[in-house]
Amino acid sequence: MANYFNTLNLREQLDQLGRCRFMAREEFATEADYLKGKKVVIVGCGAQGLNQGLNMRDSGLDVSYALRQAAIDEQRQSFKNAKNNGFNVGSYEQLIPTADLVINLTPDKQHTSVVNAVMPLMKQGAALGYSHGFNIVEEGMQIRKDITVVMVAPKCPGTEVREEYKRGFGVPTLIAVHPENDPQGEGWEIAKAWAAATGGHRAGCLASSFVAEVKSDLMGEQTILCGMLQAGSIVCYEKMVADGIDPGYAGKLLQFGWETITEALKFGGITHMMDRLSNPAKIKAFELSEELKDLMRPLYNKHMDDIISGHFSSTMMADWANDDKDLFGWRAETAETAFENYPTTDVKIAEQEYFDNGILMIAMVRAGVELAFEAMTASGIIDESAYYESLHELPLIANTVARKRLYEMNVVISDTAEYGNYLFANVAVPLLREKFMPKVGTDVIGKGLGVVSNQVDNATLIEVNSIIRNHPVEYIGEELRGYMKDMKRIAVGD
């Protein structure tokens, strides 16, 4: 199979990368009705599989799980996930032939074998669904021409898909129809109904393409969403402990600080996050973030270039063929980091203290969001896609760190995201250790500025505020957040 994106000419590539339209709520007036009375069979019952299925069932759909016979016989975790939640479970041969919509929610590296196994069993005119287009775009999977191929891609880990649904909301979702596979012209109706059944329409859906979803998703998860949180946690913890900060306090400031800081980001963008700081702290965070952007821009651009060219995909697939040797090795190394093993503490940290004592963390968030957004848009991905894959999804990933540190983040994201995260962090950590962290102290990470006066130069503050507020990610963010008035606030801090 050939990389689908690389078979397109430049005009077609740019057209597919630029597909992204925010859909009006009126387009979801019938919600999930198009799929009611039809049989939905999900293949795979991991984080995305289980949680999407729970939402879809609660939305009135007929949902079953098809698993490999070995998973059923051995009662593996996927079988337990489905059975313990009251779902009908069967083998491919039992469930696939009667399914109207087969949704493949297995890990990326299993997609080719899974699709090759289920496609001969699918009835004429059925639909095949994905939540990530890697198999279509990067592996070039060819689907039988009578089958409609759609995508519904929630912009967060599977656990958060469920949590946001239970809060009465949802998560922003990209939907798409593969242009090579829409024989009956019903792809968009299927995708809209599926998205509504997960609750995505409440947060906002983007009519996109498989190509735009894959390229933007890979970039976001590798850099700001996961890679920067991992690198930042590791180097900031090391710095604080080396400079005499109590290890328990240092670890807690980071583990729960990312969530607290990015919760402000979710509701008011970088502007609001920076406004939570005093004026002197805001200027300091701005200066640090500008330095970080200069230092890390080449790394962000390299990741974007490798994603667009297909180099990242081929590298990761080579590791698949090597039994994930690199992935498992990097996972084990992460488990041994000092941050992952910090001693728990009962110390209370107030919400504002996370901002006051986490100035460097705020600088890292601003720098990372803007760098990822800039790299994506410079490559032809439009602002809406770049916003969701850089800024909006960040609080959802930070929530996972708050639960069980980096372990939880890497468990709930896909193996593809985890692999890309390590590629980024493995370069970012030594880069920051050598070029940046020796120049900072506990005034920006651990203790705060400790200044008595908030007096600053007016001209400097005006210039800083103007630069922050006039970045393109802030313009598109304000527009898109206007569609998400129902976002639920989560409890942060102690």
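For all residues, glycine too, the Cβ spot is worked out from N, Cα and C.
So that you can see what the record holds, here are the features copied from Swiss-Prot:
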{"type": "ACT_SITE", "residues": "His132", "note": "active site"}
{"type": "BINDING", "residues": "Cys45, Gly46, Ala47, Gln48, Arg68, Arg76, Ser78, Asp108, Lys109, Gln110, Gly158", "note": "NADP(+) binding site"}
{"type": "BINDING", "residues": "Asp217, Glu389, Glu393", "note": "Mg(2+) 2 binding site"}
{"type": "BINDING", "residues": "Asp217, Glu221", "note": "Mg(2+) 1 binding site"}
{"type": "BINDING", "residues": "Ser414", "note": "substrate binding site"}
{"type": "DOMAIN", "residues": "14-208", "note": "domain 'KARI N-terminal Rossmann'"}
{"type": "DOMAIN", "residues": "209-344", "note": "domain 'KARI C-terminal knotted 1'"}
{"type": "DOMAIN", "residues": "345-487", "note": "domain 'KARI C-terminal knotted 2'"}
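Features per Swiss-Prot, on structure.
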{"residue": "Cys45", "record": "NADP(+) binding site", "DSSP (3 states)": "coil"}
{"residue": "Arg68", "record": "NADP(+) binding site", "DSSP (3 states)": "coil"}
{"residue": "Lys109", "record": "NADP(+) binding site", "DSSP (3 states)": "helix"}
{"residue": "His132", "record": "active site", "DSSP (3 states)": "coil"}
{"residue": "Gly158", "record": "NADP(+) binding site", "DSSP (3 states)": "helix"}
{"residue": "Asp217", "record": "Mg(2+) 2 binding site", "DSSP (3 states)": "helix"}
{"residue": "Glu389", "record": "Mg(2+) 2 binding site", "DSSP (3 states)": "helix"}
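All chains included, 29 other C-beta atoms sit within 10 angstroms of the C-beta of Glu389 (Mg(2+) 2 binding site). Here Arg68 (NADP(+) binding site) comes close to Ser91, Tyr92: these same-chain residues lie at least six apart in sequence, with C-beta atoms under 8 angstroms from its C-beta. Of all the binding-site residues given, namely Cys45, Ala47, the one with the smallest number of surrounding CB atoms inside 10 A is Ala47. When the binding-site residues Cys45, Ala47, Asp217, Glu393 are compared by Cα distance to His132 (active site), the shortest distance belongs to Asp217. In the three-state DSSP reading, Ser78 (NADP(+) binding site) counts as helix. In three-state terms derived from DSSP, Ser414 (substrate binding site) belongs to neither a helical nor a strand segment and is classed as coil. For the recorded positions Lys109, His132, counting C-beta atoms within 10 A of each C-beta gives the highest total at His132. Asp217 (Mg(2+) 2 binding site) has Ser414 as its nearest neighbour among the binding-site residues Cys45, Ser78, Lys109, Gly158, Ser414, going by CA to CA distance. Here Gly158 (NADP(+) binding site) is compared against the binding-site residues Glu221, Glu389, Glu393, Ser414, and the shortest C-alpha distance is to Ser414. The Mg(2+) 2 site is defined by Asp217, Glu389, Glu393, and by the 8 Å test on Cβ atoms against their centroid, the other residues of the chain that qualify are Lys155, Ser216, Met219, Gly220, Glu221, Leu225, Ser385, Tyr388, Ser390. Take the Cα of Ser78 (NADP(+) binding site) and measure to each of the binding-site residues Glu389, Glu393, Ser414: the nearest one is Ser414.
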